[in-house]
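*Asks:* What TrEMBL records for this protein is below:
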- B:12-31: transmembrane segment (TRANSMEM)
- B:37-54: transmembrane segment (TRANSMEM)
- B:66-88: transmembrane segment (TRANSMEM)
- B:152-170: transmembrane segment (TRANSMEM)
- B:203-223: transmembrane segment (TRANSMEM)
- B:235-259: transmembrane segment (TRANSMEM)
- B:271-287: transmembrane segment (TRANSMEM)
Amino acid sequence: MLAARQSKIKLVIYGIGLGLIALAPLFLSDFRLSLLGKFLAYAIIAIGIDLIWGYTGILSLGHGVYFGLGAYCMAMHLKLTSTPNQLPDFMSWSGVSSLPWFWVPFHSALAAFLLALVVPMVVAFILGYFTFRNRIKGAFFSILSQALVIITVTLFVGQQGYTGGTNGLTNFSSFLGLNLQSQSTKLLFFYLTLAVVTIVVILSSLLVTSRLGNILTAIRDGENRVRFIGYNPVTYKVFIYCASAGLAGLAGVLFVLQEGIISPAQMGIVPSIEMVLWVAIGGRSTIGGAVLGALVTNAAKTTFSEAYPAWWPIMLGAMFIVVVLFLPKGIVGTLSHYFKNWKKPDLPASIPTTQEARS
Amino acid sequence: MSLLLLQLFNGFSLSSILLLIAIGLAITFGLMNVMNMAHGEFIMIGAYMAYLVQQLFQKYMPASAFGWYFVISLGVAFVIAFAIGWLLEVALIRFLYGRPLDSLLATWGVSLALQQVARSIFGAPNVAVKAPQWLEGGWHVTADLILPYKRLFIIGLVALCIFIIYMYLYHSAGGRRMRAVMQNRQMAACLGISTRRVDAQSFAFGSAMAGIAGCALSLLGPIGPTIGTYYIVDAFMVVVLGGIGKLIGTVAGALGIGVFNTALEYTTSATLGKVLVFTLIIAFLQWKPMGLVTIRSRSLD
């Protein structure tokens with residue numbers, strides 16, 4: 001009964017939030033609107049990270065790679081269509097004489113879109129299957145996922161002739177005949193991103209309340225017990241890791257369509273860890289928290305770094321520390337805790353999260 | 001032949017620096033289960049200490065004394081990094097014990113803030129440290145095999161540090177306490193060891209080692225606020241590859257990564273070499289998920 005009421009409240013809050021964002025074009029400047037569109041794309045990554053970190057307890061510091069792979073897949077298509085029937089400019093500069101074989105499928109927009117989802121999932125499957133099968137977990141997995149970032153970024157920077165090197169891919173003109181610079185296209189992509197976010201929020205909310213979601217939470221709270229009961233955690237962990245990588249790839253597609261550039265700097269160690277921070281600030285183990293975190297953190301980043309560029313890294317660092325020490329459940333988790341207990345002031349201040357309880 | 005020897009020597013010299021960086025991480029990770037992402041910033045602190053001491057020598061000391069600045073800066077780097085490490089442990093790390101993932105995020109925040117502080121003090125561009133006269137040149141082993149004194153000195157310095165750490169860990173009361181806490185914290189506490197003090201000391205000690213490593217790195221190239229980030233992931237790979245809890249594992253991990261890195265970079269290219277090394281490590285961990293050397297235990301989460 002209570003749970004049903006809570007989920008109704010949640011539905012109303014999600015509805016109001018998404019509705020407000022849908023009205024944003026009415027009162028935001030074009031520049032701010034394109035920023036918001038980008039942040040919405042980030043929110044999709046945040047949901048993905050929340051699924052594996054908040055719900056399954058696996059901290060991946062490599063989601064920048066999946067985001068980047070998705071973005072590069074789409075960017076390769078955009079690059080090919082913006083200079084039809086000739087080599088992309090950076091290839092001729094680097095002395096590559098003919099189009100490499102792995103660029104060929106990207107002539108088709110559909111293939112590029114599908115690959116943007118499939119390539120991150122395949123990479124995630126390979127890394128996830130082997131590490132989870134060998135029961136590498138916790139901090140060890142986090143380090144391995146960082147190694148993945150280093151590998152990928154080094155490759156992308158080093159193979160300049162095939163990937164555009166440090167500069168990445170940019171200078172796109174059109175997508176499916178739409179002019180990427182025009183205001184109407186930008187508005188279209190904004191609403192497209194919002195629609196995708198809505199769908200992802202609904203699907204992932206269904207996922208985490210389902211039986212599968214319960215098993216994921218059980219893996220987070222006591223993996224060995226899950227194993228003893230007779231489930232194979234590897235299957236579930238690999239599944240959710242791949243799903244999360246696919247979401248990051250999807251976010252990459254939407255990002256590159258709006259931003260018009262992707263470079264290795266956007267998929268490195270620093271962005272990968274920042275993505276985790278979005279979830280931590282918004283509130284892990286809540287889908288709404290992931291979305292809110294991505295929007296709030298990035299809005300704060302833009303505001304602060306415009307006003308005090310030198311102070312932003314210190315602010316960001318302080319946020320990491322404050323969230324971990326004082327708000328382990330993030331904004332949404334803390335608010336909902338007080339909301340639930342506001343008539344019962346004598347309860348202990350916080351219920352320990354699983355990680356605290358284990359320590 | 002001499003080219004091969006030179007490559008081997010370079011690999012060895014890279015290994016020794018990695019080892020010095022990773023040893024502190026291995027202690028904190030093994031002892032307290034804290035993933036200190038700010039460890040790289042202690043490298044930076046050590047390197048900037050070398051720069052500072054050099055500046056002071058150039059300004060206030062006679063030119064004849066300049067040769068000694070590096071020895072002084074090693075001491076300064078050790079003391080300052082030790083002090084800042086202690087401060088960090090008391091102010092932040094002790095709240096994060098047993099929460100490796102949270103500690104990773106919080107210390108990453110510390111790392112960002114420290115980098116920005118360094119940027120504000122010393123400026124964003126890299127600064128160069130001039131090596132003292134007696135470290136210039138090299139040892140002519142044969143006509144075409146010259147081993148630079150700088151690298152020889154670093155290898156010697158690291159060997160000395162490792163010897164001191166070994167003596168401390170395995171032949172002193174303090175080291176015995178440290179190992180006891182590392183292997184079974186509760187039991188050690190029951191036997192009257194102040195685990196709080198051991199934690200703080202070990203963390204500060206590990207940080208001081210990173211400071212020394214930073215000092216050594218200042219001999220090899222320019223110093224910038226982000227110098228630590230270049231090494232932090234490599235150092236963590238050393239720890240993971242070596243396994244947790246034994247010094248010998250870290251030594252083996254550092255040697256493996258350093259030599260393989262140099263060899264593969266030499267036979268392929270700089271970027272492919274790095275990619276191959278990391279891929280090999282991931283592949284190796286499939287075979288031995290807990291690293292090369294581990295302490296056996298029956299614990300289950």
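Positions of Cβ are set from backbone N, Cα and C atoms, glycine also.
What TrEMBL says about a protein is an automatic prediction, not a curated fact.
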*Asks:* For the transmembrane segment (B:66-88) and the transmembrane segment (B:12-31), does the number of C-beta pairs under 8 Å, pairs 6 or more apart in sequence, reach 3 or more?
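*Replies:* Between the transmembrane segment (B:66-88) and the transmembrane segment (B:12-31), contact is absent.
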*Asks:* Give me the stretch from B:12-31, B:37-54, B:152-170, B:203-223 with the greatest number of Cβ pairs under 8 Å to the transmembrane segment (B:235-259).
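*Replies:* Selected stretch: B:12-31, with the most Cβ pairs under 8 Å.
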*Asks:* Please indicate, using numbers and ranges, the residues of the same chain that are 6 or more beyond the transmembrane segment (B:12-31) and have a C-beta under 8 Å from a C-beta there.
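*Replies:* Contacts of the transmembrane segment (B:12-31) (Cβ under 8 Å, skipping residues fewer than 6 from its ends): 39-40, 42-43, 93, 100, 151, 154-155, 158-159, 161-162, 165, 178, 181-182, 198-199, 202-203, 205-210, 212-213, 216-217, 231, 234-236, 238-239, 242, 244-245, 247, 249-251, 253-255, 257-259, 261-262.
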*Asks:* With Cβ-Cβ distances below 8 Å as the criterion, list the same-chain residues six or more beyond the ends of the transmembrane segment (B:37-54) that contact it, or say none.
*Replies:* 21, 24-25, 28, 69-70, 72-73, 76-77, 80-81, 84-85, 88, 104, 107-108, 110-111, 114-115, 118, 122, 127, 129-130, 206-208, 210-215, 217-218, 223, 225-232, 235
